[in-house]
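Visitor: Input: one structure, supplied below.
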Amino acid sequence: MIDSKQKIAVLGAGSWGTALAALVARHDYPTILWGRDVRVIQSIDIQHQNFRYLPSIMLPQTLRATTDLAAAVSGADWVLVAVPSYAFTETLCRLAPLLSIGVGVAWATKGFEPGSGRFLHEVAREILGGDAPLAVVTGPSFAKEVTLGLPTAVTVHGEDACFTQMVANAMHGPMFRAYTGNDVIGAELGGAMKNVLAVAIGVADGMQLGMNARAGLITRGLNEMLRLSAVIGARPETLMGLAGLGDLVLTCTGDLSRNRRLGFALGRGQSLSDAIREIGQVVESVQTSDEVMRHAEQNGVELPISEAVRAVLREEITPYAGMKVLLAREQKPEYLDILFKANCSL
């Protein structure tokens, strides 16, 4: 039985934060959603819809929403952060003085801290201190499908097993499976890298390079995930699961993916600024490609696909030139034992 006193505060009223808040509210957890946009918050709290990010989808009437962060967090048993990566540090800095001792913080944000390239768990630990239970929620999950109640599976990773299980229990239900693990680095890496790789697949599809090219890029993209994971302390099985392969396949093939749509637009010849403006929401890959390559270069790992995406997003080369560079690479073994040969060249 759910503890009636267990209250969940969800921070971030975009599509993903709204979807997760609606999910746990439907599971009978007292849930309050915090956001900055007054109109969005009012539409959720009064009309039970997020007119901007999830239009025409009804939300639970029990879900409350507010622009008052202190009110949202007051009395919360744990907090779920679902803001874009560029707002993660600022949000935690505002949150920290409002948290009671022992209140855990989970996040469904994907990416790195902009500028520093730090993993988000490093940022959270620095801001929230060494005693706060932490966890990351990740996996193949489009917000719209979650809100519509379509079957979804994610994974929750954290060092505190009790808190990790608590987060998973709140999300787990008839149409939403929540697995658990303790590889925070691997979970975060997969969630960040898949956005970058999805741009490459989107470009290939926009250029009409065919299904063979799509499959090849996805597979070699997974190879890049595994190679980088091996030198930063992540476990390969995490990247072969929902946090890596699962999220990669969804983001690279699903038309709801903003990063795939960005790549598709670029592949069709659209400018970067026009493509981002047309999408109308944050596209994490634009910033994340720099941070992925920062980690690769610091660790001496070659990531040709990610590097090409970074160059395209910096507008240093055209999408066509990027594909030509990848296709012109010298022939070499596939390195099926890549899990154990972190420094092999792709």
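Cβ from N, Cα, C; glycine included.
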Visitor: For the NADPH site that Swiss-Prot gives with Ser15, Trp16, Arg36, Ala143, Arg258, Val282, Glu284, which of Lys110, Lys324 also belongs there?
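Guide: Answer per Swiss-Prot: Lys110.
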Visitor: Pick out which of the binding-site residues Asp247, Glu284 has the most other Cβ atoms within 10 Å of its own Cβ.
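Guide: Of Asp247, Glu284, the one with the most crowded Cβ is Asp247.
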Visitor: Test of understanding: give the count of other CB atoms lying within 10 angstroms of the CB of Ala143 (NADPH binding site).
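Guide: Cβ-Cβ neighbours of Ala143 (NADPH binding site) within 10 Å number 23.
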Visitor: In terms of DSSP three-state secondary structure, what is the assignment for Arg258 (NADPH binding site)?
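Guide: In the DSSP reduction, Arg258 (NADPH binding site) maps to helix.
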Visitor: Please report the DSSP secondary structure of Trp16 (NADPH binding site), reduced to three states.
Guide: helix
Visitor: Going by a 10 angstroms cut-off between Cβ atoms, which of the recorded positions Arg36, Lys110, Lys194, Arg258 has the sparsest surroundings?
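Guide: Among the recorded positions Arg36, Lys110, Lys194, Arg258, the sparsest Cβ neighbourhood within 10 Å belongs to Arg36.
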